[in-house]
Amino acid sequence: MSDKRRYFGTDGVRGKVGQYPITPDFVLKLGWAAGRVLAKQGTKKVIIGKDTRISGYMLESALEAGLAAAGLKATFTGPMPTPAVAYLTQTFRAEAGIVISASHNPYYDNGIKFFSSEGTKLPDDIELAIEAELDKEIECVESAELGKATRLNDAAGRYIEFCKSTFPSELSLAKLKIVVDCANGATYHIAPNVFTELGADVIAMGVTPNGTNINHEVGATDVRALQQRVVEEQADLGLAFDGDGDRIIMVDHLGNKVDGDQIAYIIARDALRRGELKGGVVGTLMTNLGMENGLKQLGIPFVRAAVGDRYVMEKLLEKGWKIGAENSGHVILLDKVTTGDAIVAALQVLASVVGSELSLNELSKGMTLYPQVLENVRFAGQGNPLEAEAVKKAVEEVEADLGSKGRVLLRKSGTEPLIRVMVEGEDGELVQNSALKIAQAVKDNC
């Protein structure tokens, strides 16, 4: 079996709705292929959740038809955060969990990602086995063996109670005023309840999904509205989730953004203070140098993984560590969850705020972020602009200008048709100009 994946990217199968492979016919066959592979493993039961995109209705119907044809039973949760599906997959002893979501992408994109029975991303060999089944003609099981579909009516309540259980029982959020931005996504009916039930005064925004407004000028990918609201309401802090609830970005009382690097730093430092830190912290190639330096000053080990929460998880398991993060807001806390969980990560930071009696602003000052600029260049997928001589020359010139006080990273996105250009260093103006210089060279060679 070839190890070259044709459909599965770093976060499942993803694309524009109506364009291959995110079409009803392909998703039906994907459900059947996955069902064929998973049916060999035991319970023949699958949990299916989705975010709030309008296309979710179409895709879950197609997916369920394929699974049923392979003899698997599907249990629908309705709109549900990605980490909630991972949790429910474990608690229901299901064979797998499936999430219909394109995470932080616009509403016209969608995707399918799978969790194993342990609530983790599917192993490579299972993904490859599913791809191999996709090459075959669909064959239904006998009529008596066809799968059935049911709905789990209390999924939200179960997950809310789980999230609350990760917050120290001796602490309360009673003194905090929090603005919660749910990105008009999957956390809209969950996150406000979690923080309210723990005592916080919650102001909710991004909680009116209509199928097309997910991630639109709200949520973790665009915190401007949250920053403004936190200041206007004189709130203690703000929380921004992405469309499927696996990313968290925070905002302090002054309206300053607190990203995934800073969140992981705060959680690690608090664990160290309590004597509960197990090992070090895993970041990625995009992790700010300021985080690496801040952790080193505390004596906390740090290593970088490739970009993508899948690779952060792999490195955590390899090292036996418990805390991993991406600056985009994926925070993985393996002593509490099996995948990136934005609500659980937020609760750990809030526990630090309450326990230390320090503001989020004060806690985040423990590390100094280097200026970092990220430019995204549209890329149709033809050729490889990263190999162009003009691009290589631009990178060499920028690296010479930055010297030992900065770095450059160019990579293809694993989830979108983009080339990402990241430049980081001590001199903010130089970093900005350098990023634009490289981005222009990439554009000229796309």
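Glycine too: its Cβ is placed from the backbone N, Cα and C atoms.
When Cβ atoms from all protein chains are considered, those within 10 Å of Ser103 (active site, phosphoserine intermediate) total 29, not counting its own. What Swiss-Prot records for Ser103 is active site, phosphoserine intermediate, and it gives sequence analysis as the kind of evidence.
Positions annotated as phosphoserine by Swiss-Prot, on the basis of sequence analysis: Ser103. Secondary structure from DSSP puts Ser103 (active site, phosphoserine intermediate) in coil.
As annotated by Swiss-Prot, Mg(2+) binding site applies to Ser103, Asp242, Asp244, Asp246. The Cβ of Asp242 (Mg(2+) binding site) lies under 8 Å from the Cβ of Ser103, His104, Ala183, Gly185, Asn215, Gly219, Ala220, Thr221, Gly329, Ala342, each on the same chain and at least six residues away in sequence. In the three-state DSSP assignment, the secondary structure recorded for Asp242 (Mg(2+) binding site) is coil.
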Original post:
Any idea which of the binding-site residues Asp244, Asp246 has the thinnest Cβ neighbourhood at 10 Å?
Top reply: Asp246
**OP:** Taking the recorded Mg(2+) site as Ser103, Asp242, Asp244, Asp246, identify the other residues of that chain whose CB atom sits within 8 Å of the mean position of the site's CB atoms, giving them in sequence order.
**Re:** Asp51, Pro81, Thr82, Ser101, His104, Gly185, Ala186, Ala220, Phe241, Gly243, Gly245, Arg247, Ala342
